[in-house]
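What Swiss-Prot says about this protein:
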type    : residues                                               : note
BINDING : Gly76, Pro77, Pro78, Ser79, Thr80, Gly81, Lys82, Thr83 : ATP binding site
Amino acid sequence: MAAPISTVAESKELRGLNLIAAHSHIRGLGVDVDSLQPRPASQGLVGQEKARKAAAVILQMVKEGKIAGRAVLIAGPPSTGKTAIAMGMAQSLGPDVPFTMLAASEIFSMEMSKTEALTQAFRKSIGVRIKEESEIIEGEVVEIQIDRSVTGGNKQGKLTIKTTDMETIYDMGTKMIDSMTKERVMAGDIISIDKSSGKITKLGRSYARSRDYDAMGADVKFVQCPEGELQVRKEIVHTVSLHEIDVINSRSQGFLALFSGDTGEIRSEVRDQINVKVAEWKEEGKAEIIPGVLFIDEVHMLDIECYSYINRALEAELAPIVIMASNRGHSRIRGTTYNSPHGLPLDFLDRVVIVSTQHYSADEIRQILAIRAQEEEIDLSPDALALLTKIGQESNLRYASNIITTSHLLSQKRKAKEVSVDDVQRSYRLFYDPARSVKFVNQYEQRFIGDQGNVNFTASNGDAMEIS
């Protein structure tokens, strides 16, 4: 007798781009919506309550559209959560308010001038909410009849569609039949047809047809049959940035440049025409300007010409809120021989509202490391977390969060369920923090190649061919 054949169904789950970054655990600013009071630890942010309260006040004014053309500087030592606060603001703004994030070094390019890169960043941070009314046919498909010609000519058909109150038959042409076939529309589907563009949107399947099949796919969505008239007027809102409008109007390839990224230099005449047109739409009530947020990290890397441009751009009618971060104290302004606080020119510093960040306490470092471990799905023993907290205090928070991952890899090698103190100690010995690296360089300085390319070979352990 033949042995029974057993089959095992295998399914591969498609994973998206779900990488864990340095600030992927941040979900918002962690403040109370009504009072704007920061919670001690919420939405991935811990501590820095004064800075978070200041950021929440700015955020509230952005949402209400009461503030634009202002500059805010988040200043503080390294590893005090400056970028984290900016990421929290981006998460709290929502999808409609534009938020552009760039590092100061990104604007230096051989293909594009510095002022053009800054202009594009400013324009990306200003949104235009365009309202348009369109006539839509919305209802449940009762029947689709398609008459195909024997000679392969034009197809013709009839669509019977209904709501709970009425039923109508529409004649369909070739393009509409092709769209129906592409969307796989069948009797019992709830669809929406835009009369101006002919776009068909499949909203779901009618509850009345829920018993048509015994088995349904996970993507099948059941909705109620629409009520009232078949043809309704709906207001559709599109939110685009000024930069996107610039690109579409500046090149022969139009919107394709948005996907390729090859926008190049955009002429100022094009931008002026768009500004005039947007102002007309605003007066007619067709559009609404949404001033967004431009965040420039490591702002001390900008040079004096960039600061001069930002000075002027902040005074323009269409200007976003510019939030900057710097970890410098008294530093030289790039392009000059002058020293200035935070590396910013004094005339620009006068226009800036400064928010300061402080060093984290031991308890706050412990909470942040626990959140990071939870985000990376790593189990830490209490002793390991205590040791990491001590390392974070003595070295810096970034180094402590980095060796969480390496300690986890070491614990996996010995098939442990959680990271122990021994794993953290081994990682600490394997990977140097900045302080120990500097100590090592100072100790063996003569063996390293210097600025002039010199190296002292006599400082080595001796020649292998030396005869005593």
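Note that the numbers count up from 1, one per residue, in the order the chain is shown.
Any Cβ shown, glycine's included, is placed from N, Cα and C.
With every protein chain in view, the residue among the binding-site residues Gly76, Pro77, Pro78, Gly81 whose Cβ has the most Cβ partners within 10 Å turns out to be Gly81.
Ranking the binding-site residues Ser79, Thr83 by how many other Cβ atoms lie within 10 angstroms of each Cβ puts Thr83 at the bottom. Taking Cβ-Cβ distances under 8 Å and a sequence separation of 6 or more, the neighbours of Thr80 (ATP binding site) in its chain are Gln48, Thr357, Gln358, His359, Tyr360. Apart from Gly76, Pro77, Pro78, Ser79, Thr80, Gly81, Lys82, Thr83, the residues listed for ATP, the same chain places the Cβ atoms of Ala325, Asn327, Thr357 within 8 Å of the centroid of those Cβ atoms. Residue density at Lys82 (ATP binding site): 27 other Cβ atoms are found within 10 A of its Cβ, drawing on all protein chains shown. In the three-state DSSP reading, Pro78 (ATP binding site) counts as coil.
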